[in-house]
Amino acid sequence: MESSTPIPKIEVKLNFKWQGLLIAIIVGLIIWAIPTPEGLSSRAWGMLALFVATIVAIIAKAMPMGAATLVALVISGLTGLTPISAKQGDVGMLSGFSNGTIWLIGIAMFLSRAVIKTGLGKRIALYFVARFGKKMMGVAYGMALADVVIGPGIPSASARGGGIMYPIMQSIADAYDSKPGPTARRAGAFLAIAVSQIDTIVCTMFLTAMAGNPLIAELAQSQGVTISWMTWFLGAIVPGIVCLIALPYFVYLIYPPELKDTPKMAEMAREELKNMGPMSQAEWILALDFILLLFLWTVGDLAFHISATVSAFIGLVILLLTNIMSWKNIVSETTAWDTMFWFAVLVMMANALNKYGAIAWISNHISSSVGSLDWPIAFSVLVLVYFYTRYFFASAMAHISAMYLAFVAAAIAVGTPPMIAAIGLGYTSTLSMSLTQYAGGPGPALFGSGYNTTGQWWGVSFVVSLLSLAIWFGVGGAWMKVLGWW
């Protein structure tokens, strides 16, 4: 008898961090054990206990985010909080998986893999560095322009900032012998923070530039506010452009690199482009595909009644039929499928909290604390609290899921125009990503390069955040007045 391939031995062990999971369980049980407050149903209170416990597990990194939401999904089904077959007044256990927004972000992540796979993203970044890279400020602005071009099609700040911009930034620092330690301030320290700030701005400008943005749009819908791709972009275009011009220069002023001129960098970028050769057929098809997608995302819904999700499917099918993305590429894109899973569960839980009355109850308590103030002042207080609580979150999704819906409802309750409340706090959600190196996006990769200490990163980012908020709610507020949103 021929010997068969031995079956690999599986090590049986606890596949979670017990300390973090224990904290989440204790928090959930404490909330559940508290008598249901007046004005809330026991179902709403139980859903709130489960939701808070899930967020604590995510923050504590008790297990991967997808695994944590799977456990929450099972508990919600077992306890009847979200039955598998939803009746009148119920939220279905699997309702999140049929949500169009979930599929929009998943498909956009598939498309982003094509940008990296074909080298188109790298080519675009090198092109702008070659054009503007003779001075350090030019390098920063060149990378900003590249990020704007590829931002709408790559819904991952870490993929853009960490996968495309970071290697180029590292090459620049290495070319001028800027290493972590004594020579960090020559180039690397400035570039790491500048790229982080730039990527955050680009994330805020486009609905499809960051995975959390479509979640924001979906949650806003539950408050009666519709935020389309075009609506998001229209509100962000003016403050976004002002920020892209002002913030890199502001970082340059308060945290200047020792090296101001970088003639070698432009030449290096040109040489690298030369080595890449002319654009391949795959790059041309991908570029045209993205132009089509941007057109459909901009006017498709209004002119042709084609939703943003259907548009994304069209873009993906084109890449599939031309072999730029194979079916194997799609099914093996684990990050996208993982995101879609936990995204769907969080949307389902948020919808349940809203439908069962928990969000209204929480927002009433929040709004009562600022209810005596005029709405512009009350809204400003809510924005600041919402923005700076990001220090306590290591995940954009955890921050948005835990706080966005309640704060939007509270803002509307104190008289803030609904669109201003929903989209203003939406922009705030993404802008706060630049506060710390662990708050999400490219921060972990850029900080991990070792050019900045935690004190330097936090200090510069805090000062920059003041200017950023002033622009988005000063210039941006005036622009939204022109748009007729308030």
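From the backbone N, Cα and C atoms, a Cβ is placed for every residue, glycine too.
The following features are taken from TrEMBL:
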{"type": "TRANSMEM", "residues": "16-34", "note": "transmembrane segment"}
{"type": "TRANSMEM", "residues": "40-60", "note": "transmembrane segment"}
{"type": "TRANSMEM", "residues": "67-85", "note": "transmembrane segment"}
{"type": "TRANSMEM", "residues": "97-116", "note": "transmembrane segment"}
{"type": "TRANSMEM", "residues": "189-212", "note": "transmembrane segment"}
{"type": "TRANSMEM", "residues": "232-255", "note": "transmembrane segment"}
{"type": "TRANSMEM", "residues": "302-321", "note": "transmembrane segment"}
{"type": "TRANSMEM", "residues": "341-363", "note": "transmembrane segment"}
{"type": "TRANSMEM", "residues": "375-393", "note": "transmembrane segment"}
{"type": "TRANSMEM", "residues": "405-427", "note": "transmembrane segment"}
{"type": "TRANSMEM", "residues": "457-480", "note": "transmembrane segment"}
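Below 8 A, the CB atoms of the transmembrane segment (302-321) and the transmembrane segment (97-116) form 3+ pairs separated by six or more positions in the chain. Scored on C-beta pairs under 8 angstroms, the neighbour of the transmembrane segment (97-116) with the top count among 67-85, 341-363, 405-427, 457-480 is 341-363. Across the candidate stretches 16-34, 67-85, 232-255, 457-480, the maximum count of CB pairs under 8 A to the transmembrane segment (341-363) is reached by 67-85. Between the transmembrane segment (189-212) and the transmembrane segment (457-480), three or more CB pairs separated by 6 or more residues in sequence fall under 8 Å, so the two stretches touch. At the 8 Å Cβ threshold, with sequence separation of at least 6, the transmembrane segment (232-255) lacks contact with the transmembrane segment (16-34), having fewer than 3 such pairs.
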